[in-house]
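According to Swiss-Prot, the features are:
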- 81: active site, nucleophile (ACT_SITE)
- 176: active site (ACT_SITE)
- 178: active site (ACT_SITE)
- 230, 231, 232, 233, 234, 235, 236: ATP binding site (BINDING)
- 4-202: domain 'Glutamine amidotransferase type-1' (DOMAIN)
- 203-402: domain 'GMPS ATP-PPase' (DOMAIN)
């Protein structure tokens, strides 16, 4: 049994990042809504509790509080932003609206040499005060500390930016240590989890394989599973894990919807049917998908159509397999490679408190009438954990560390209406971009630019531009190249690729892909932009 950290979610969009940071310290944690019962908290038996931020206001939303058991367990508690405010109020302090709201970068002064912050700083002032570079996002302020608490941190506009009652192990900070913009955030959270809560760092993926296999066997029993195999990292790792657990009772359905990357179908079949000896059924549904997507330009509508068609294809394929009598009794589970970031962006976290940004293919495309139970063995894992799990399962490094690919495929990388001709052009342009990234080494790091970017792809723009090739005028389509660097896919910076790489890629695309005469590069970060264009 692993030591556990309980994260109570009050509705912050970045609550999952807290979990990621705790997992990076190799400590198991779970996120649950702030209004879970006292009994649940006692049975969970956490080594420590973290209270998340929220978009709500403490003094206006009187129902958004931590359960009383949080304060009765006798374990360390860390409040973050709103979590600090509710700790203040519930422990007898006071909070009010601030005339000086703080959103963004701030420099926090540490006070009192508490266990949480001692020795953790970014720089010192001439007076010798330890300073932290942090990320703030709050409109309230603490005006009175609760009994037993002392000041731990401050800024000029926020006199109480951190507090501590070390006798009870209660700590709270106004800033967000979970985001990468807080430079020492990881060190702070590790200090709380490992040294203050004293949780054992025994959460590692190579050991998780046996636990995940046991969990799948317990959930599935002697029933059968059908899985949509896309060739992406998530579905591939999910397939390998489930196959390890139940063998031939897993049937992978590889749906070629005409929106895959170049030669992807053949590569998927070679790996899973050829090398892993898994049962894989390849379904050519390109014409069906293209017909249904004709005339549809809205991104959400496209996602819903693709999700619905996947369901229809799965149901039809399951019926065919059952009728064939080929040792298949009929699947009762549908497996998916859903991971934490998928759940976050579709507003489908366990807490149901986050705001929907876009529907996710895995989540939004499954209507209740599917008739299959859902198996999501990766749902609580972050991308880096999924990759580590894939390596532990013996999947090839190149497959496991391949860049993410969206469930709807090129359907959300073709802006507006999806057409076969557009997909053919985009496939070839994208393949050239990826090839150049793989072949270009950064001298400083010794790594390829494919390794240095977290996700890279081409986007098809349904507009034409004038060009000149030879002595003739061209009027052809435009593609945009997108490459980002991120540690968590919650936020991302555009990758500053070498000009020579971009020049070479642009030249190859324009010369080798007839129908494209202009290439642009996307220099938008997330936020405000999302990583995918649709």
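Our numbering is plain: 1 for the first residue shown, then up by one each step along the chain.
Just so it is clear, glycine is given a Cβ too, placed from its N, Cα and C backbone atoms.
Within 10 Å of the C-beta of residue 233 (ATP binding site) we count 23 further C-beta atoms, all protein chains included. Under the DSSP three-state reduction, residue 233 (ATP binding site) is assigned to helix. Among the active-site residues listed (81, 176, 178), 178 has its Cα nearest to the Cα of residue 232 (ATP binding site). A simple Cβ count within 10 Å picks out one of the recorded positions 178, 230, 232, 235, 236 as the most packed, and that one is 178. For residue 234 (ATP binding site), the nearest neighbour among the active-site residues 81, 176, 178, judged by Cα separation, is 178. Taking the mean position of the Cβ atoms of 230, 231, 232, 233, 234, 235, 236 as the ATP site, the remaining same-chain residues with a Cβ inside 8 Å of that point are 229, 237, 238, 239, 337, 405. Listed recorded positions near residue 81 (active site, nucleophile): none (candidates 178, 231, 233, 235, 236; Cα-Cα distance within 10 Å). Predicted-model confidence for the domain 'Glutamine amidotransferase type-1' (4-202) is 92, expressed as mean pLDDT. In the three-state DSSP scheme, residue 176 (active site) falls into the coil class. Taking 230, 231, 233, 235, 236 as the binding-site residues under consideration, the smallest Cα distance to residue 176 (active site) is found for 233. The Cβ of residue 81 (active site, nucleophile) has 26 other Cβ atoms within 10 Å, all protein chains considered. Across the fold, the C-alpha of residue 235 (ATP binding site) and the C-alpha of residue 178 (active site) stand 28 Å from each other. Rounded to a whole number, the C-alpha distance linking residue 231 (ATP binding site) with residue 178 (active site) is 31 angstrom.
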